[in-house]
Amino acid sequence: MNTVNASMTVIGAGSYGTALAITLARNGHSVVLWGHNPEQIQKMQRDRCNQAFLPDVAFPDTLLLEADLARALAASRDVLVVVPSHVFGDVLRQLKPHLRPDARIVWATKGLEAETGRLLQDVAREALGEAIPLAVVSGPTFAKELAAGLPTAIALASTDAQFAEDLQQLLHCGKSFRVYSNPDFIGVQLGGAVKNVIAIGAGMSDGIGFGANARTALITRGLTEMTRLGSALGADPSTFMGMAGLGDLVLTCTDNQSRNRRFGIMLGQGKGVQEAQDSIGQVVEGYRNTKEVLALAQRYGVEMPITEQIYQVLYCHKNAREAALSLLGRTRKDEKHSA
């Protein structure tokens, strides 16, 4: 690819990165999509689709493929990072030497930093410094539906008001893709991490066969845990009633397109953690997120009993049914003021 002036460079050619790149290109923008595997990028260029993840969706003419990172980043000041959370910091450090002087970074990655449990904003600042404007997009989005042009809505938050306005204009499409701005940078990030954990729990409940009542209770109390942790970190509690909180939580807990939910279902049916992960065949973000969210909650003194029981299943070999019964057997609580 010769050097071009693109509206956005997307880093990450998995299902979600590809879907976002397709959406941007459909909006009439020139978009460069970069992936870490040159052979995959060459195949996508030949096929003009992502056969591995979205085989039925043809690329718009304005979606350009690039295997050379320096050229991809030279094409646009605005860079959308869509990679798993456990490699987020490594990818940003890889990008930094090639970023334009006027670069701005937005990510659609959902989760916390592996091992440390830090918010991705802290990872980004450490990797990139203080000067680069940052933003995050999050909300109820399945890649296949987004790529198919089905109606979707997300939330957008940024450290920079102009960047937020520019991104909203770039992403928003009145026909299918609605983008809500939100000033709560912490809350929009956190919702996407916690919902992954609760979705595993909802899946486990369904895998056991507990039914719709139990699933709904888990979603509702999971939202309480999300809001409580967010408040401790300085987020606006109302954020968690929006797209990046309740919206993403309901979607991920109730639809089998969710890898986290399917992973939980298999655990509820008695499969082991490794067997369930192997069966999914893609990254199950909630597996790592559970450890990270619980560590963050403990650091801030926030009680999260659902997250604790999911952790026990994933990392301490507790049976999923026993974990559910542990939650049911807790002492009576006041709904509004207790975990």
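Just so it is clear, glycine is given a Cβ too, placed from its N, Cα and C backbone atoms.
Together with Lys110, Gly139, Thr141, Lys195, Ser258, Arg259, Asn260, Swiss-Prot lists one candidate of Asp184, Asp248 for binding sn-glycerol 3-phosphate, that being Asp248. Annotation note: Gly139 (sn-glycerol 3-phosphate binding site) sits in a coil segment as assigned by DSSP.
For the binding-site residues His36, Lys195, the ranking by surrounding Cβ atoms (within 10 Å, all protein chains) places Lys195 first. On the backbone, the CA of Tyr16 (NADPH binding site) and the CA of Lys195 (sn-glycerol 3-phosphate binding site) stand 17 Å apart. Proximity of Asn260 (sn-glycerol 3-phosphate binding site) to non-local residues of its own chain (separation of 6 or more, Cβ distance below 8 Å) is seen for Asn196, Val197, Ala199, Ile200, Gly203, Thr252, Val284, Glu285, Gly286, given in sequence order.
Farthest C-alpha pair in the sn-glycerol 3-phosphate-binding residues Lys110, Gly139, Thr141, Lys195, Asp248, Ser258, Arg259, Asn260: 16 Å apart.
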